[in-house]
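Trainee: Would you mind keeping the following structure in view while I ask a few things?
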């Protein structure tokens with residue numbers, strides 16, 4: 001009996017550290033952390049995956065698909081990859097500012113090779129971690145060095161990530177009217193009215209082309225008026241250009257607004273992404289450009305951008321930048337890429353036109369002209385949340401509650417089904 005009691009006491013003693021560990025875990029450092037809300041777009045994808053309907057459609061995710069609904073890798077990208085693989089290149093770190101030939105080629109693509117800022121060297125472009133990284137580098141740079149205002153005005157609505165990017169960088173996010181739900185088009189009058197009241201020297205963000213999420217872009221004459229107003233109000237423009245070439249199929253046309261502002265003597269900052277127009281989603285290829293007053297100022301800005309980037313991510317990824325640089329700088333690859341970009345843009349334009357035509361064939365009495373008037377990957381359909389809910393439940397057509405669809409997810413095979421479903425929930 002004494003031996004059994006002794007063994008029990010030893011066993012209890014051995015368990016004391018375990019009990020202490022359990023108690024320690026119970027009083028975790030992170031017990032106060034609440035569950036964050038799910039990403040609305042990723043939530044759409046998860047629901048789509050669970051659906052067993054053979055006709056289901058995922059119109060939530062902003063990634064291009066071919067007319068068979070499959071991911072599309074550009075031929076120019078494949079050729080650039082093969083070319084790079086044959087060179088047996090190293091995998092050394094890039095400089096903080098990224099691959100120099102990529103950065104310069106990106107600036108030339110956006111601003112135009114004959115742009116005065118390019119010719120005089122009064123710009124600096126750094127490679128970034130796609131468009132999101134570019135926006136964050138830009139936001140941090142403005143937070144630290146733009147001494148005139150802490151307010152950044154975004155179009156209403158804007159890409160969902162814009163607000164947290166600028167807010168988390170320490171800037172105050174505000175808005176100006178942009179989309180008119182009555183016309184499903186650009187609220188030009190409202191935009192001019194709001195912008196005219198923005199305090200001078202505030203920061204204002206524009207989507208250079210293919211506005212996300214509405215697909216609504218100003219016309220060139222409207223851009224001219226906006227530029228004149230920005231200049232007279234002494235506002236600071238931040239352009240986000242994630243879809244150059246992907247909107248109209250013409251890289252020069254899609255960059256028109258940015259180039260016009262610079263021609264008018266307005267120095268801008270610019271974010272670029274190659275996720276959509278080169279299909280380099282997972283490679284995370286982007287650029288951030290600051291147009292300066294002179295070359296000496298550009299050098300000072302470059303030095304501070306490097307200081308910002310170093311503790312953020314040290315240096316950007318190598319492989320995607322090499323691919324993009326090869327495409328942008330080699331005439332044969334560039335020519336093929338421009339044709340492929342135009343092909344992707346044209347497929348999306350065609351899907352828009354077919355959808356409008358199919359809705360008419362269904363007998364819809366509503367005006368769906370805005371679907372073909374809008375541009376780029378996304379379309380604001382004008383559908384109400386309860387109509388979207390019916391599309392999901394009755395037809396397995398998935399989209400965000402605001403009625404935004406990714407036209408890239410529409411194909412020749414399912415266009416008619418989509419039109420039929422939309423007609424059923426709107427008639």
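Glycine residues also receive a Cβ, built from the backbone N, Cα and C atoms like all the rest.
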Trainee: Report the candidate from 62, 69, 320 that shares the substrate site with 159, 212, 404, as recorded in Swiss-Prot.
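Mentor: Swiss-Prot lists 159, 212, 404 binding substrate, and from 62, 69, 320 it also lists 62.
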Trainee: Going by a 10 angstroms cut-off between Cβ atoms, which of the recorded positions 276, 404 has the sparsest surroundings?
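Mentor: Result for the recorded positions 276, 404: minimum number of other Cβ atoms within 10 Å at 404.
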Trainee: Quick one: pull the CA-CA distance for residue 212 (substrate binding site) versus residue 276 (N6-(pyridoxal phosphate)lysine), whole Å only.
Mentor: 12
Trainee: If one looks at the chain holding residue 62 (substrate binding site), which residues at least 6 apart in sequence have a CB under 8 angstroms from its CB?
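Mentor: For residue 62 (substrate binding site), the qualifying residues are 41, 212, 276, 377, 378, 406, 408.
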